[in-house]
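Colleague: First, the structure itself, so that you have it in front of you.
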Amino acid sequence: MKPAQFSSGASFSSRVLRRAAGVAVAAGLAVAATLGSAQAAEKLTVFAAASMKDALEAIGSAYTKDNGTEVVFSFASSSAIARQVEAGAPADVYISADVKWMDYLKKADAIDPATVRNVAANTLVVVAPKADAKLLNLTKTALLARIGEGRLAIGTPESVPAGRYGKASLTSLGLWDAVEGKLAPMENVRVTLAAVARGEAPLGIVYGSDAAIQPDVAVVATFPDDSHAPIVYPGAVTKVAKPGAVKFLDYLATPKAREIFAKVGFQPVD
């Protein structure tokens, strides 16, 4: 019988080291895969003003493609979503159509004030159904004649930023008292837009970006910039936000996001 053959200590050690190295590499790959999966699995929730729907959905798709993080949105009037954030809704980012509701959440300690920044700007316009696209002079006689027996659709001035801007402009131009009894208050600016597009109201006050994405309406007048406060959209990370929320907010200032904002009628901000 041949004596048992034993490997030398050196070759045994080499095999052990190779196995250990293999285990380490495998473990490293597993950790990397886990981290990658966790990043891809992170989902950001953005609460935003209704007027930002088209722009943000396009930007969200681009962000997911570039970063692998899914972004979901909840759109409503700035006041409605602000109150939801205040009540503890699981939003990572809040974007308002005016400064008032961002300040409201600052006072409620519901957002991180250090992250607040303006992401876009807008104009304020009067729209009519496409079939009645004649330009409107912003005078009392012309406005009342155009409204006729109908109503002027407008976001509820007490809670909807577009309505508040609209009231300010009408007041500045000396038209508010004449039309106050002819208003059809709406829960947000997109509902206002839809009412005009369907022919349910002869005129409506909306943002320029809303008019740009609705083929069934025509802009018949634009309010002077000095008739209302600057229309800006401040965004911020909430106090319950996931770590990736700031990255998405930063993405809104990239050339790609700015291009999308411009395509749907928003104005740039500094």
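Cβ coordinates are placed from backbone N, Cα and C, and glycine is handled just like the others.
Quick paste from TrEMBL:
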type	residues	note
BINDING	Ser51, Ser78, Ala162, Val189, Tyr207	molybdate binding site
SIGNAL	1-40	signal peptide
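A description of the local structural setting of each listed feature is requested, covering burial, neighbours and distances.
Modeller: DSSP classifies Ser51 (molybdate binding site) as helix under the three-state reduction. With a 10 A radius on its CB, Ser51 (molybdate binding site) counts 34 other CB atoms from all the protein chains.
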Colleague: Three-state secondary structure of Tyr207 (molybdate binding site) from DSSP?
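Modeller: Assignment for Tyr207 (molybdate binding site) reads strand.
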Colleague: Neighbourhood of the molybdate site (Ser51, Ser78, Ala162, Val189, Tyr207): other residues with Cβ within 8 Å of the Cβ centroid, in order?
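Modeller: These residues sit around the molybdate site: Ala49, Ala50, Ser77, Ala97, Asn122, Gly155, Val160, Pro161, Asn188, Arg190, Val206, Asp210.
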Colleague: Count the Cβ atoms, other than its own, that fall within 10 Å of the Cβ of Tyr207 (molybdate binding site), considering every protein chain shown.
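Modeller: So the Cβ neighbour count for Tyr207 (molybdate binding site) comes to 31.
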